[in-house]
Amino acid sequence: MLRTHTCGALRKSDVGSPVTLCGWVDSKRDHGGAVFIDLRDRYGLTQVVIGPPEANEALIKQAGHVPNESVILIRGVVADRLEGKTNAKLETGEIEVRSEHFEILSASETPPFTPGQSDLPGEDLRLKYRFLDLRRKEMQQALIRRSEIIKCMRDYFAEHDFIDVETPILGRSTPEGARDYLVPSRVHPSNFYALPQSPQLYKQILMVAGFDRYVQVAKCFRDEDLRADRQPEFTQLDLEMSFVDSEDIIGLIDGLVAKTAKQVLGKDITLPLPRMTYEEAMRRFGSDAPDLRFGLEIVDVTSVAAKTDFRVFRGTADAGNFVRGINVKDSALKFSRRQIDELTAFVQQDFGAKGLAWFRVEDDGTLWSPIAKNFDEEHLAEIKALMGGEPGDLLMFLADTWEVTCKGLSGLRKRLAVELKLYEDGELNCSWVTEFPMFEKDEEAGRYVAMHHPFTAPLEEDLPLLKESPEKCRAQAYDLVINGSEAGGGTIRIHDSKVQSQVFELLGMDEETARDRFGFLLDALRFGAPPHGGIALGVDRWVMLFAGLENIREVIAFPKTQKAADMMTGAPGEVDADQLNELHLRTVSAKT
């Protein structure tokens, strides 16, 4: 080893010890006859003094000219800092190293930015020079946190007798969800592999094979439009179990959440985690991943709206749509008309709402609003009672379709929670949403699509609905929600080949297509398949949430941009003609 200690290891008890340190020059100061260098590595920072009597003039001069971010090696002796020169902000702040040997291992050019600067450049520049960005303490802490969480996960499932099995990266395209990333085959011209969107089918096959507890930290790929919390390639903790029901899976993951929170954050989580059905989540919060760190529950006032003279409310109710609202407690005087106009524009532009109606609850308990003249006192009193309105409250309403009121009020909840600081930084709220619909209707395609995936089993009591009313059929599905983000999703799987074929048919797949795409699964289900189920936990998102960050790219070492590009390597890039010829491919001009 070139070094005897890291830059964060030395303490007062090491005074007098000879040491060798290696690291990056974080900063340097020339104090006339002596050079002070703050030497940095991922463990911390140590002050190094290059000056007499330990160092000669040539060594001092060399140290004075070393560029910041250069990698150096120093040998010296640990000493107490001078009185009044200690730094309580550093764990090494009571000591310094008096250097008697100084060596530049790799000199640095002037970097476009430095790890310690407070005014960070734009994200594109940071991603282009990711090797510099990863030197920042915040980035290193995020990746260390990631490593801790993955280790915690692996340890937990090892304790529960899970077998870690690697599944293939090169598989077959089964275009049912997001677009696949395709890989051309050189030895099978005109044929393609697909990179896995998940190990779903392989892990089900493992259950049929008798591996009753499977787990894997799996790399997955989806060619979809990106957001701040999505990447084209991502990591998930994937597991499957035989002879279980949803209660077993949920209970197992409850334990993992508690273990991770305690071990990584030092927080206690009360178990079991709260649950609600999909129907309840949409009704109360307008989202299948509700943020429960704050209230602002949605209330349906359609029954009253239908009786009023306010044409917007009554017309909406008469058309079979909904009037729903939220009560922003003690906020009547916190929002000016201009601010309410901004919120109105927000729900219109982002969610397609027609407008935002509002009432202020006055000190005498009456409701005031520019539209209040369209309501008689009886109806205003009913609205206030339904909303739980009290003096000082601000009541906000959307009148629209179920979908628009859900999305609009859910988005409004989140925005208001941020503006009003309705939750604490670092707060962690975990819950389950269960009993999702099996299917949703794709109006453009004129057919059903699976809400989760085509291998999800229906609730036992809803099995007859597969034939009678598929849209009413509920799935044995469960999502883990952390702070309003989906942190994992799982289902109990279909283990009967006849039911699986029936679901394929409902999804518009004829027998030949189903056999072509999923024949191996249908065959496996005919040879003794146990009841089984599982879940996939998004590792990247878990780390983001447990680290209290907003951008998933902050917890991935080498992420892609929102255009799925790698700014550092230049991927994706063109390939030469010889490579294309080997793969029997040619390129065509992109459509504009």
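Each Cβ is built from the backbone N, Cα and C atoms, and glycine gets one as well.
Of the given residue ranges 60-63, 200-203, 236-239, 472-475, Swiss-Prot assigns the label region 'Aspartate' to 200-203. Among GLU279, GLU280, GLU486, only GLU486 appears in Swiss-Prot as part of the ATP site alongside ARG222, ASP223, GLU224, GLN231, GLY538, VAL539, ASP540, ARG541. Around the Cβ of ARG493 (L-aspartate binding site), the same chain contributes GLN204, MET207, PHE455, THR456, ALA457, HIS532, GLY533, GLY534, each under 8 angstroms and 6 or more positions distant in sequence. Confidence annotation: the region 'Aspartate' (200-203) carries a mean pLDDT of 97 in the model.
Counting neighbouring Cβ atoms within 10 Å of each of the recorded positions (HIS31, ARG222, HIS452, ARG541), the lowest count belongs to HIS31.
Annotation for VAL539 (ATP binding site): spatial neighbours ARG146, ILE149, ILE150, MET153, VAL217, PHE234, THR235, GLN236, LEU237, criterion Cβ-Cβ under 8 Å with sequence separation of six or more. Packing around GLU224 (ATP binding site) is summarised by its Cβ count: 14 other Cβ atoms lie within 10 angstroms of its Cβ, all protein chains included.
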